[in-house]
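S.K.: I grabbed these lines from TrEMBL:
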type: ACT_SITE; residues: Glu293; note: active site, nucleophile
type: BINDING; residues: Phe112, Ala113, Val114, Tyr117, Asp203, Val204, Asp205; note: UDP-N-acetyl-alpha-D-galactosamine binding site
type: BINDING; residues: Asp203, Asp205; note: Mn(2+) binding site
type: TRANSMEM; residues: 20-44; note: transmembrane segment
Amino acid sequence: MGVTATHRHVQKTKSVLKCLLYIPITLCAVYFISPCLRLLIGYLPMDKCSLESAKMLSLDYSVDASLNLWSRPDVLTCTSWKAPIIWEGMFDPDLYDQMHKIEESSVALTVFAVGRYLDAYLKNFLNSSEHHFMLGLPVTYYVFTDMPEKVPDFKPAPQRSIKVIKVQKSSRWQDISMMRMKTISDVIESDIRHHCTHVFCFDVDQVFTGRFGSEALGDSVALLHAHYYHLPKRLFTYDRNPKSKAYMPTGDFYYHAAIFGGSWKRVKALTEACYQSIMEDKKNNVEALWHDESHLNKYMWLHKPSKVLSPEYCWDTSIGYRSDIRVARLLWAPKHYDTLRTP
């Protein structure tokens, strides 16, 4: 084969690989645009849990053995590595609350409100959390912002407090999203580890609408993305670029970076690892497809979460009706990226 023919063959191979790379992204774009398609996707059956009872789970806490895995035959209630997937109807909230009070569990909630996101979302996020997030347990809010003076007046209930921490605003929202990993890791080391047993990290453009309680606590907690949990794995938009540290040829689920949590030790390990991967990508002039979310998915693939939250814990109403979503515990707030993400 001549040099020219070899060159054409290489170029053709590259073109085919590029097409294969973008097929899942293109199909998912069609999915997001088409309400009818989103509705039909909801009828795709989920896999079923292979365990006979919760006693066969790899338990974070003894109370997890009380989960009723077969109270929800319509959805997947456990993973292949024996972690529970939490849905409405599976748990007794009183049992969980009592156990975590006895264990003296306490929770740090981290949230970033940078630039226009502070005015648009922070007040509703904080106020709604006071009605629904980890009620009955000590909670400390860690609000990271570039404008501490603009944080709205907020008086948490007894056993709950707020700490406002100033951060630098990056010129690109992608950098804000990715660099939060280092910020969270640093504050866990300097502060959170001395005061709280668990950490939950949230995006600010969300509103609590139902119980988000102690049943969600675990050693390492991930969230099923509302737009992907019914889709076949081949359509998950993992980072497919082998040059990125976030590269994934396959995976277990597609996790949403809008919420992740666990014990302070496990969250610190996650955020440190993601930050290191992000920085290595930067050195190589690479940026993962979905930024910190791509890196989080890679980490959770290699280090399986011990508890998975169903999309009830972060639901997008634009998806439309889904019979398996019996309670919407947290809702995506309306997105105004055209104005919020402009310089």
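Placement of Cβ uses the backbone N, Cα and C atoms for every residue, glycine included.
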S.K.: Within 10 Å of the Cβ of Phe112 (UDP-N-acetyl-alpha-D-galactosamine binding site), how many other Cβ atoms can be counted across all chains shown?
M.R.: 25
S.K.: So if I measure Cβ to Cβ from Val204 (UDP-N-acetyl-alpha-D-galactosamine binding site) and keep only same-chain residues at least 6 apart in sequence, which ones fall under 8 Å?
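M.R.: Val204 (UDP-N-acetyl-alpha-D-galactosamine binding site) has long-range Cβ partners Val111, Phe112, Ala113, Tyr117, Leu118, Tyr121, Leu122, Phe125.
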S.K.: Determine which residues of the same chain, besides Phe112, Ala113, Val114, Tyr117, Asp203, Val204, Asp205, have their CB within 8 A of the center of the CB atoms at the recorded UDP-N-acetyl-alpha-D-galactosamine site, and list them by sequence.
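M.R.: My list of surrounding residues reads Val111, Leu118, Tyr121, Leu122, Phe125.
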S.K.: Looking only at Phe112, Ala113, Val114, Tyr117, Asp203, Val204, Asp205, which the record lists for UDP-N-acetyl-alpha-D-galactosamine, tell me the maximum pairwise CA distance in angstrom.
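M.R.: The two farthest binding residues have Cα atoms 11 Å apart.
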S.K.: Just to verify a number: CA distance, Asp203 (UDP-N-acetyl-alpha-D-galactosamine binding site) to Glu293 (active site, nucleophile), in angstrom, no decimals.
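M.R.: About 12 Å separate the Cα atoms of these two residues.
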S.K.: If you count other CB atoms within 10 A of each CB, which of Asp205, Glu293 wins among these recorded positions?
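M.R.: The largest 10 Å Cβ neighbour count belongs to Glu293.
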S.K.: Report, in whole Å, the straight Cα-to-Cα distance of the residue listed as 'active site, nucleophile' from Asp205 (UDP-N-acetyl-alpha-D-galactosamine binding site).
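M.R.: Checking the Cα atoms of Asp205 (UDP-N-acetyl-alpha-D-galactosamine binding site) and the residue listed as 'active site, nucleophile' gives a distance of 16 Å.
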